[in-house]
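Engineer: Have a look at the structure that comes next, please.
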Amino acid sequence: MSALSSNRLPNRASLVTNRAFSALEGFLHVEAFSGIVLLLAAAAALIFANSQYASVYESLWHTPLGFNFGHFTLSWDLHFWVNDALMTVFFLVAGMEIRREIHEGALADFKQAILPIVSAIGGVCFPALIYLSFNFNSEHTHGWAVPTATDIAFALGILALLGKKIPANLHVILLSLAIIDDIIAVLIIAFFYSTNIDPSGLAIAIAGIALVLFFQWIGLASAWLYILPGAIIWWGLMITGVHPSLTGVILGMMTPVFPTRTLVAPLTILSNAMQILQEKNIKTDLHHISTALKKMRKGQRDMIAPVIRVQKTLHPWVAYGVMPIFAFANAGVSFANFDLSSHESFLVVLSVVIGLFIGKPLGIITASYLAVKSGLCRLPPHMTWTGILLIGFLAGIGFTMSIFVSMLAFKDIVLLDSAKIGVLCGSGLSALAGLGYGLIYIKRNKNKKVLHNLNGIK
């Protein structure tokens, strides 16, 4: 029997490496198609909430779920598990993406990051001011943050529908802006929607953070081991009064961006595995083949930074599992008891719709224009103001994040439903505007290229 051909192994190793380091491309791909799943989940929730099965839909989320451990009982309803526990995983992935962008992405270079940072700030301030102008001197001012959020999945999903004719720079700026938007949303939740702060829980959360740092210091690389300190942080934040799902952001931002240190270098492990596979008669020795392949997998794993490895594993679960479940649990608004003749409800709906549909693009393009004209930053190559406006429309798709904030802002069920309807309408209008304007944007770019080619011929 001849030895394994050496030319096949590098191809396999190259394939594995390419898969591991295409994190950004995979992120965009998953986010884009998960937008469709989110839309279906939201539509299903609305159908159930306004059908003969509405009572079943409502009672489902009030189903108690928990466990007993001796005399210790832990039990919450299903709605709590979705919004406070499951969403922690979403914020974990968001935190990791923020960490990566700061380390090696669009936010790593401050000059490059100025445009999306300024745009995101404008896209938060304008919708908030619009909301406050409609609800000034009322009891509903605490809902000002509802129209400030951006749903990355939906925004990138609409962009994906427009095809590959959209410049790559536009994808990068939209993603960077949405990530900064997430950072601002996290800060808003932490500082404005955390009530009745109890300092006793802070010590528990700090202990959990210290345990994470200790695990990292001794070189523990398995993500499963960090569930314990994560649970401690989550419990501490809940006692403190801060929304416990922000545990995900803390863990995500603490995830190492460099490969974990090992006793044997990953390249040495891969080299040893290659030597084993290149030995004669290896095809007949299943034990040696299995051992070599295990070493290759370990070497590959050790070469990849935990922030990339864990995010790559969790991201599809969040995009196709956590977010659709959240949408199905919270987008079900019953129109039966909704009354637009109520002045309070009408103002909440109107301010959220206008904040998302008009405030977002207006804030983004105004802030960007002022930043560029003042010399603070420049537009990236091949980026035009029409492209910035397209980003503004897509950023107005608040959906899941806006619904999440509305649930923290409103305790009154009528006003909460009003805010949700405003989010659904505003996000829907923004999506349609983004899709329609995107088609116009593509056509304009195509015509410009045709004219450029004709001028070149002349």
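Glycine residues also receive a Cβ, built from the backbone N, Cα and C atoms like all the rest.
These came from Swiss-Prot, pasted as-is:
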type	residues	note
TRANSMEM	27-47	transmembrane segment
TRANSMEM	78-98	transmembrane segment
TRANSMEM	114-134	transmembrane segment
TRANSMEM	143-163	transmembrane segment
TRANSMEM	172-192	transmembrane segment
TRANSMEM	201-221	transmembrane segment
TRANSMEM	222-242	transmembrane segment
TRANSMEM	249-269	transmembrane segment
TRANSMEM	316-336	transmembrane segment
TRANSMEM	346-366	transmembrane segment
TRANSMEM	388-408	transmembrane segment
TRANSMEM	421-441	transmembrane segment
Engineer: Which range out of 143-163, 172-192, 316-336, 388-408, 421-441 gives the transmembrane segment (346-366) the most CB pairs under 8 Å?
Structural biologist: 421-441
Engineer: Six or more residues beyond either end and a Cβ under 8 Å away: which residues meet both conditions relative to the transmembrane segment (143-163)?
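Structural biologist: Apart from its flanks, the transmembrane segment (143-163) reaches 28, 31-36, 38-39, 123-124, 127-128, 130-132, 135, 170-171, 174-175, 177-179, 181-182, 184-185, 188, 192-193, 319, 323, 348, 351-352, 354-356, 359-360, 394-402, 404-406, 409-410, 415, 419, 422-423, 426-427, 431, 434-435, 438-439, 442.
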Engineer: Report, as numbers and ranges, which residues of the same chain sit near the transmembrane segment (114-134): CB under 8 Å and 6 or more residues beyond its ends.
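Structural biologist: Those are 106-107, 141, 143-148, 150, 173, 176-177, 180-181, 184, 347, 350-352, 354-356, 358-360, 362-368, 370-372, 376-380, 388, 391-392, 395, in sequence order.
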Engineer: Short question: most Cβ pairs under 8 Å with the transmembrane segment (421-441), which of 78-98, 172-192, 316-336, 388-408?
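Structural biologist: Result: 388-408.
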